[in-house]
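Enquirer: Attaching a single structure in structure tokens format; questions to follow.
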Amino acid sequence: MVKIAILGYGTVGSGVVEVLETNGASINKRAGKNIEIKYVLDLKDFPGESVEKLIVHDVDIIMNDPEIKIVVEVMGGVEPAFTFVKKALENGKSVVTSNKELVAKHGAQLLAMAKEKKLNFLFEASVGGGIPIIRPLNQSLTADEITQITGILNGTTNYILTKMAREGLEFDAVLKEAQEKGYAERNPDADIKGFDSCRKIAILTSLAFGSQVDYEDIYTEGITNITDRDFKYAEKMNCAIKLLASSKMIDDVVYAMVAPFMISESHPLYSVNDVLNGIYINGNVIGDVMFFGAGAGKLPTASAVVTDVVDCAKHLGTNIMSLWSTNKRELGDISNSKKKFFIRVEGTVSDKLAEVKAAFGDVEVILVDGITDEFAVVTEEISEKAYEQGSKKIVGIINRIRIEK
Ligand code: HSE
């Protein structure tokens, strides 16, 4: 018997209880021992619910109970989660978390603490919801030098972009739907401004390349500037617009960024729609591998959390090694990285094209039926710096979106 405590009975916490209640028998068989929830910490009471008698309001009841071997932190936010997780590890309890803010900020330190104490700190649910991606990076792709990770890592924004593209729906209305479905963060700015994707690619990059990547160092743009008209051009170009988070190792330097991209039908992430996430990894031996599945939501996320609980239960007294050290990795400067840019410009081709070409070099013009007050162009591959310099020479740029090969 392994007794566990859950910190937080919100969307994910209640999902963890539901998964353990629904699949308890098979989960116990796979763990090789019975997993029992002894406490659920929450500020509220839940009269009439199955957890009613397990609810406690004082975290020290959990921390001071030697029977508790695994603490599941599903509260979200850095504090008080960080304090509670440190206390749990100090008190000899392994920790499972879905909290990407916590993992991105303090993951390396918490992994080191767990290792020293022969405990585990596992966080499969922090990236990609229900998709196994942390474990593959940590355990299945260990024969490879990872060269690239590119992913759609935020379910809320993918849901919004898919609905806007397919149904022409307004941004705010779709965001509200994503919130109702339990995909969005408490403050949805974290989703739509790209911060959530940024933390997730920081976690994957730190794990893949072995040293601490500070998410504050990653260039990050969200989807708030994407409008209905961008989708009209994207359709004309047979492209989808996706919020991509990527990191690439080039000549021993890691370059990372988060931004909306136009991707063509042949791109492996083109058909990753709705709340689904997709993560494409390249290793120098294995080549390309893709991970695909539900990136947010109560039960998929809870499924990943419970998987980690099982792993902790199977490894009581043994630390599962991970490569992520506390040494900080300096990221490469993306201003020299090259790509094509899609640029929308106010006015007409006859008035403006010469000016646009003078700023960006050769371009392909994109026109959409019914749009007459503006036009769009696609540049050749130019650097971020060249784009910035060119854009200062033109009045009337409405939007620009990078294009991924
Ligand atoms: N808000 C996050 C998302 C939840 O939409 O992907 C899962 O991390």
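Cβ from N, Cα, C; glycine included.
Straight from TrEMBL, here's the annotation block:
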- Lys200: active site, proton donor (ACT_SITE)
- Leu7, Gly8, Tyr9, Gly10, Thr11, Val12, Gly13, Ser14: NADP(+) binding site (BINDING)
- Lys100: NADPH binding site (BINDING)
- Glu185: L-homoserine binding site (BINDING)
- 8-124: domain 'Aspartate/homoserine dehydrogenase NAD-binding' (DOMAIN)
- 132-310: domain 'Homoserine dehydrogenase catalytic' (DOMAIN)
Enquirer: Counting Cβ atoms within 10 Å across all protein chains shown, which of the binding-site residues Leu7, Val12 comes out on top?
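Expert: It comes out as Val12.
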Enquirer: Taking the centroid of the Cβ atoms of Leu7, Gly8, Tyr9, Gly10, Thr11, Val12, Gly13, Ser14 (NADP(+) site), which other same-chain residues have Cβ within 8 Å of it?
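Expert: Going along the sequence, the neighbours come out as Ile6, Gly15, Val16, Asp42, Val74, Met75.
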Enquirer: Using DSSP, break the domain 'Aspartate/homoserine dehydrogenase NAD-binding' (8-124) down into helix, strand and coil residues and give each count.
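Expert: For that range the per-state counts are 57 helix, 21 strand, 39 coil.
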Enquirer: Do me a favour and check the Cα-Cα span between Glu185 (L-homoserine binding site) and Gly13 (NADP(+) binding site); whole Å is fine.
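Expert: Their Cα atoms are separated by 15 Å.
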Enquirer: Near the residue listed as 'NADPH binding site', how many other Cβ atoms are within 10 Å of its Cβ?
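Expert: The answer is 26.
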Enquirer: Tell me the coarse DSSP state (helix, strand, coil) of the residue listed as 'active site, proton donor'.
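Expert: DSSP assigns the residue listed as 'active site, proton donor' to helix.
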Enquirer: DSSP on Leu7 (NADP(+) binding site), three-state: which is it?
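Expert: The three-state answer is strand.
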Enquirer: Any idea what the model's mean pLDDT is for the domain 'Homoserine dehydrogenase catalytic' (132-310)?
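Expert: Overall, the domain 'Homoserine dehydrogenase catalytic' (132-310) comes to a mean pLDDT of 96.
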Enquirer: Between Thr11, Ser14, which of the binding-site residues has its C-beta surrounded by the fewest other C-beta atoms within 10 Å?
Expert: Thr11
Enquirer: Please list the recorded positions from Gly10, Thr11, Val12, Glu185, Lys200 whose Cβ falls under 6 Å of any atom in ligand 1.
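Expert: Close enough to ligand 1 are Glu185.
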Enquirer: Just to be sure I understand: of Tyr9, Thr11, Lys200, which recorded positions have a C-alpha no more than 10 angstroms from the C-alpha of the residue listed as 'NADPH binding site'?
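Expert: For the residue listed as 'NADPH binding site', the recorded positions whose Cα atoms are within 10 Å come to Lys200.
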Enquirer: Within 10 Å of the Cβ of Gly10 (NADP(+) binding site), how many other Cβ atoms can you find? Include all protein chains, please.
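Expert: Step by step: centre on the Cβ of Gly10 (NADP(+) binding site), count other Cβ atoms within 10 Å, giving 15.
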Enquirer: Which whole-number value in Å describes the distance between the Cα atoms of Lys200 (active site, proton donor) and Val12 (NADP(+) binding site)?
Expert: 17
Enquirer: Might you list, by sequence position, any residue in that chain lying six or more from Tyr9 (NADP(+) binding site) with a Cβ less than 8 Å away from its Cβ?
Expert: Val17, Val40, Leu41, Asp42, Lys44, Phe46, Val51, Ile55
